[in-house]
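Noted in TrEMBL for the protein shown:
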REGION    1-61  region 'Disordered'
COMPBIAS  20-45  compositional bias 'Low complexity'
REGION    104-127  region 'Disordered'
COMPBIAS  116-127  compositional bias 'Basic and acidic residues'
ACT_SITE  Tyr200  active site
ACT_SITE  Asp239  active site, proton donor/acceptor
SITE      Asn241  site 'Transition state stabilizer'
SITE      Asp328  site 'Important for catalytic activity'
SITE      His360  site 'Interaction with DNA substrate'
ACT_SITE  His360  active site, proton acceptor
Amino acid sequence: MKRFFQPVPKDGSPAKKRPAASASSDSDSLGGDAPALSPAAAACAIGEGDSPPAPREEEPRRFVTWNANSLLLRMKSDWPAFCQFVSRVDPDVICVQEVRMPAAGSKGAPKNPGQLKDDTSSSRDEKQVVLRALSSPPFKDYRVWWSLSDSKYAGTAMIIKKKFEPKKVSFNLDRTSSKHEPDGRVIIAEFESFLLLNTYAPNNGWKEEENSFQRRRKWDKRMLEFVQQVDKPLIWCGDLNVSHEEIDVSHPDFFSSAKLNGYIPPNKEDCGQPGFTLSERRRFGNILSQGKLVDAYRYLHKEKDMDCGFSWSGHPIGKYRGKRMRIDYFLVSEKLKDQIVSCDIHGRGIELEGFYGSDHCPVSLELSEEVEAPKPKSSN
């Protein structure tokens, strides 16, 4: 059973018991009816000559990740329903993949991956759709960072409540460069006690000669190096384009034997559905092990859930109907695993309920506040 503690207010009075609140309620304020301590009593409480500890800066604790499969299309058709979801879950941070909005910059000129394209009539209209959507409730209380591709392909966004100010935001795995990753696949927000990494992993593809296998291997190698070198606890989320175990797909035999136009790769470990090949799954397992990372959803949900245990679903019409995979994740450093309160997949069924027009549904994570061991009371 998890226990939660609230900090004692600065006046020394006991914190009120937090009432049960709905997911969309405002943050509760702390207060107390007990009289303030006298200066002498306060000095005894903290020790003569000591300064009271500075209050720790509040940090995000509720997160959502979602592959929107074109954020612009979602804003034009499914946005009211997604806004209701955001209001209900009330995340502090929303990480989006497959934004599919082109970076600023005219044709043939250098691009600015941190800004939306607006140098043509159509791009200005599209930008206005996005800005209107993100300046209306519930998003008016958030700030957005973009990492965009040169065209309507890939791209990521990180949408953070304005009351949480990252110490630094980077767009490259080396975290020292202002340069963005190709296709806008990475955003890293650094907070006081953790790093938040949002990635859109490249698809493995079907054929060796198309260089997609090599591209994915190189990506996995870089991710392995990154997780081994981070200097703070890590929260890594996004569309990671891999299902780790058989429990993470609805039909293991179907995905293991999948082919594109009858093609069979030379190496049997590259055979099967992209995202479920043996080589990808082994590399992913190694990243988890070497990076000391915990799959937050599987940490809490040990059994296979055929109704709402998958974040990607095949098209409702055709051979992929009902075929589903869990490829969207929250991975957290082992140091954070005891703070995991919940990790939920919010879509269900083969009719894509809760997917908001995408082929992926949102996944959420909630962490508790870090609890420090109480200091022993003085005998004086």
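Going from the start of the chain as shown, residues are counted 1 onward.
Note: Cβ is positioned from N, Cα and C throughout, glycine not excepted.
Keep in mind that TrEMBL annotations are predicted by a computer and have not been checked by a curator.
Because the structure is a prediction, the values reported are computed rather than measured.
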For the region 'Disordered' (104-127), residues assigned helix / strand / coil by DSSP: 7 helix, 6 strand, 11 coil
Spatial neighbours of Asn241 (site 'Transition state stabilizer') that are distant in sequence (at least 6 apart) but have CB under 8 A: Ala201, Pro202, Asn203, Asn204, Arg216, Pro274, Gly275, Ile327
Which listed residue (Asp239, Asp328) has most other Cβ within 10 Å, given these are recorded positions: Asp239
Residue among recorded positions Tyr200, Asp239, His360 with Cα closest to the Cα of Asp328 (site 'Important for catalytic activity'): Asp239
Alpha-carbon distance [the residue listed as 'active site, proton donor/acceptor'; Tyr200 (active site)] in Å: 5
The residue listed as 'active site, proton donor/acceptor' to His360 (site 'Interaction with DNA substrate') - Cα separation in whole Å: 9
